[in-house]
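Trainee: Straight out of TrEMBL:
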- C156-C165: disulfide bond (DISULFID)
- 124-166: domain 'EGF-like' (DOMAIN)
- 173-193: transmembrane segment (TRANSMEM)
Amino acid sequence: FQVCSRCGGGLRNSSAVGEFCKFNSSFVLEGRCCLQRHGEQELIVGLDLWNCSLTQVDEYLDQAFTAVIIDLSDNPVTNMSESAFQGFISLQYLALPQLLECPGGNTSWEHVDIFKSERICKGQKDACNATGDMSWLCPENSLCQPDGPGMFQCACASSYYGYKCLKEGAFPMLEFFGILGPLTVLTSALLWFSQRRKAKSS
């Protein structure tokens, strides 16, 4: 993972991420990351980018969408997009520079602690079960699913698909590709013949 080697050094033993990673002997350390193996796959469960001179929450952060704990404190980050932590449904502890707000706002977290140089966001709340239940925003035949701090998505219930989950049954794959395939071949053949005639005449 590129995000694990985003800055030099290894995981700090005294940090919250370091303590979390020591908790489970099956976790593997790699640069600034703590990894968990699931068969052939490795997932980032802890990420410590403390004091990495980051000026923005960078593009590699999405590699850590499975993280439970992330430390971005002591970095000169001044703003962060609303969707920076979209998909981070397992995130339970986030340390940020003190000037930044917790993603999704304070209401998206069980506890928000502000210290001299950092802001700690603990215990991500499920946006679908939060006060002011967001599930009513999902159309009929769909289910609300959390999608990161303060975010949710509407997924079609089983046996429904399509725009606003209005179609019932399975997607008609045979009909779709049965029409699309021959149509693509016919269009390609027509274009090939028309371009070939132009090439011969010039």
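Residue numbers in this text run from 1 along the chain shown.
Even glycines carry a Cβ here, placed using N, Cα and C.
TrEMBL entries are annotated by machine, without manual review.
It should be emphasised that the depicted structure is a prediction, and the values quoted were computed from it without experimental measurement.
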Trainee: Considering every residue in the domain 'EGF-like' (124-166), what is the mean pLDDT value?
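Mentor: Residues in the domain 'EGF-like' (124-166) carry a mean pLDDT of 84 in this prediction.
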Trainee: So how many other Cβ atoms are close to C165 (disulfide bond), meaning within 10 Å of its Cβ?
Mentor: 19
Trainee: Long-range neighbours only, meaning 6 or more apart in sequence with Cβ under 8 Å: which ones does C156 (disulfide bond) have?
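Mentor: Listed in sequence order, they are N141, S142, L143, G162, C165.
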Trainee: Run through the domain 'EGF-like' (124-166) and tell me, per DSSP, how many residues are helix, strand and coil.
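Mentor: Split into helix, strand and coil, the domain 'EGF-like' (124-166) gives 7 helix, 13 strand, 23 coil.
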